[in-house]
Amino acid sequence: MRITFVCTGNTCRSPIAESIAKKMLVDDTINSRGLFAIDGQSVSPESLEVIMEHNLPEPTVAKQFSEKDLNSDLILTMTDMHKQQLVSHYGDNGRIYQLSEYVGEIGDIVDPFGGSIDTYRQTFEQLLYLIGKLRTNS
């Protein structure tokens, strides 16, 4: 299965999700994208620090979501707003979900941008929990 995680800039939440999923969902192809990403931008230092603390695979550099990404089997967004923006722009293809919604939970993944390293660690724990449920459900 090809899974694409989506956030705003593809430098904080979705790269963390990508790294966790690459470790947990080894039989799947994992990508991350941003709705307003600057192609080639590095992952935030704090996100990278949290990823390295857990010895996870390093994520790819930022890449903006494009029509090609609609070929993913599953597109999982960090917030309901991200989901709504994708559906509004590309239509509802039945494969776009908010991550928490897809695994039977409620709520957005908090954007840690501009926060302390502890905020990034909290985001990591939230994503670890949800992706753990994703693995269990797949």
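Glycine is treated like the rest: Cβ placed from N, Cα and C.
Small disclaimer: the values here were computed from a predicted structure and weren't measured.
Here is what Swiss-Prot records for this protein:
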- Cys7: active site, nucleophile (ACT_SITE)
- Arg13: active site (ACT_SITE)
- Asp111: active site, proton donor (ACT_SITE)
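According to DSSP, Asp111 (active site, proton donor) sits in a coil region rather than a helix or strand. Counting every protein chain shown, the Cβ of Cys7 (active site, nucleophile) has 28 other Cβ atoms within 10 Å. Put simply, Asp111 (active site, proton donor) is 9 Å from Cys7 (active site, nucleophile) when counted between their Cα atoms. The most crowded of the active-site residues listed here (Arg13, Asp111) is Arg13, judged by how many other CB atoms sit within 10 Å of its own CB.
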